[in-house]
Each structure stands twice: as C-alpha cells, then as structure tokens.
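Participant: Here you go, one structure.
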Amino acid sequence: MWLRNQTSLADFILEGLFDDTPTHLFLFCLTMLVFLVALSGNTLTILLICVDHGLHTPMYFLLSQLSLMDLMHICTTIPKMATNYLSGRKSISFVGCATQHFLYLSLGGAECVLLALMCYDSYVAICHPLHYTVLMSRKVAVMMALTSWLGASLNSIIHTFILMHFPFCGTRKIHHFYCEYPAVVKLVCVDITVYESTVYISIIVLLLLPIILVSTFYGFILHSVIEMRSAGIKRNAFATCSSHLIVVSLWFGACIFSYMRPRSQCTPLQDKVGSVFYSIITPTLNPLIYTLQNKDVAKALRRVLGIQITQ
C-alpha cells in the first residue's frame, strides 16, 4: 500500500508543445508574444473598468470578470510550458498537475456559464431597455459572476479529486503541454466507464446548456432588431452584439472541437491545437474584440490617459 501511494504521487512528464528545431523556436517566441499581448490586454481591461466610473455598469462588470478568467487561464498553462521548454525539464509534480487541472477546468467552466449570462445582459439591453436597470442591477450582475465562479469551481474540484485518485500506469507521460483532462485520463489503468459518464453529464451542463441559452437569447435579439424601424438603432444593436457573438463563437467552437469529438478520433496533435486555440488565442482576442468595437471603452481609455498626461 505504501509503495502504491508513493507511485501515485510520482511526477508526470509533459510532452510539451515545441521541440528544439529552429521552426519550433520561432513558434515558441511567437507564442510568448501572444501571451504578453493577452496578459497586457486583459490586465488593461480590468484596470480600466475599475478606474473609470463611466464603466461601472453591470455589463462592464461582467466583462471585467471575463477578462479576469482569461488572465488566470493563460497564467495557468503558458508559464509552466515556457519554463519547461527553456529549462529542458519536462516534469510536473503530482500536486502541480492536480492544481493545474483544477484551475483550467474551473476557469473554462466559469467562462462557459459567464458567456451565456452575458448574452442575457445583451438580451435585456436590446429587447427590454426600459426595464434594464431592474432586470440587470448591480446585485444581479454580482450574483451572475458568483454563480459562474462557484458552480464551475465545485464541478472542477469534484472531477479533479476523483481523477487524481485513480492509479496511473506506464511512464506517466502526458501527450500535452499541460494537465488537460483528455490527456491525463488516458494514463488511467482501470475501468472508468462510470466516471466518464459523469464527465459527459458535466459537459452537457457546462457546454451544451450555455450554447442553447446563447442561441435562444440571440434568437430573441435578432427578432427584435429586425422589427426596429430606425437604421441607426439597428446598426448600434448589431455593433453591440457582434463583438460578444464573435467571442462566444470562438470559445464554444474550440471547446466543442476539444470535448465533443469521439475519443477514438482524437489525436494528441488535435488536442494540442484545440487547447492552444481556447487557452491562448481566445484570451488574446477577447480584449481586442471588445475594446476595438466598443466606443465606451475607447472613450474611457482616452479619459484615463488624458488625466494621467495632465497630471
């Protein structure tokens, strides 16, 4: 029993994303550049929403939570990948792997729920503008954020606890650049049919259900926009929703590619490509999409920079 416990707590080996070839060195440098863009973009968004009083609304509060999730997401995976690549070491401790699994699963699930709730915010703003302050008060926005964080964290801690208590076989080599569920579960050497069924249920709740809610809300939004008589109002409504719809499509598209495909058709390379997209590319694009198409954020940035320059 003691030997089994010692073995179960042994380090894992992360295959990583790059090798030592010049091409992969270039791709590593490009990845780190994208990481810095994501880091600065999301940090700037959070600080801007906190500092500028004009952005102290439920919509921008939810946007700040989305940026915080993206910021934590990239910091959960990329620094460890970069450290291993630069040092030549590929190991990650058992505790480190469990922590990484818990964090990425919590943040991913929370973002799925939050994006669906942000669609509700857009629905109320466009379809029920006169009741917006009642239906989307500050208290409601805080409850939405807490629901996203707490619900996803509870789901993640349960799955991480169960997964990390299974016995792992072989060389414990994870064919990935971080401890993602599909890669880690392949190392388990006992029958986990029942556990995989509970994972599919979680995927339905945290992935398919938000997609259904997003589709429903945007169906109502599209119907309301079509009935609007003013062309200017239509343009403003489409501009308001287009940025959020792009973010939602990118995020859920990548998640579906990674988690809804049959396991028999998945390869390590496909898993890595899907993970790169929603763990690196999407967190980088989110602040750019929201800020470039949002006049309020652009004005707030000019106000803050103007105050600092004046001072």
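First residue shown is number 1, and so on along the chain.
Glycine too: its Cβ is placed from the backbone N, Cα and C atoms.
Unlike curated records, TrEMBL annotations are generated automatically.
Model, not experiment: these values are computed from the prediction.
Straight out of TrEMBL:
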DOMAIN    41-290  domain 'G-protein coupled receptors family 1 profile'
TRANSMEM  25-49  transmembrane segment
TRANSMEM  102-120  transmembrane segment
TRANSMEM  140-162  transmembrane segment
TRANSMEM  200-225  transmembrane segment
TRANSMEM  237-260  transmembrane segment
Participant: Taking pairs 6 or more apart in sequence, does the count of Cβ pairs under 8 Å between the transmembrane segment (200-225) and the transmembrane segment (25-49) hit 3 or more?
Facilitator: no
Participant: Give, as a single whole number between 0 and 100, the mean pLDDT over the domain 'G-protein coupled receptors family 1 profile' (41-290).
Facilitator: 87
Participant: Please give the sequence-distant neighbours of the transmembrane segment (102-120): residues at least 6 beyond its ends with Cβ less than 8 Å from one of its Cβ atoms.
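Facilitator: Non-local partners: 59, 62-63, 65-66, 69-70, 72-73, 76-77, 144-145, 147-149, 151-153, 155-157, 159-160, 178-181, 202, 206-207, 209-211, 213-214, 217-218, 244, 247-248, 251-252, 255, 278-279.
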Participant: May I ask for the residues of the chain that lie six or more residues beyond the transmembrane segment (237-260) and have a Cβ under 8 Å from a Cβ within it?
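Facilitator: 108, 111-112, 115, 118-119, 122, 125-126, 182, 203, 207, 210-211, 214, 218, 221, 224-225, 228, 270-271, 274-275, 277-278, 281-282, 285-286, 289-290, 293-294.
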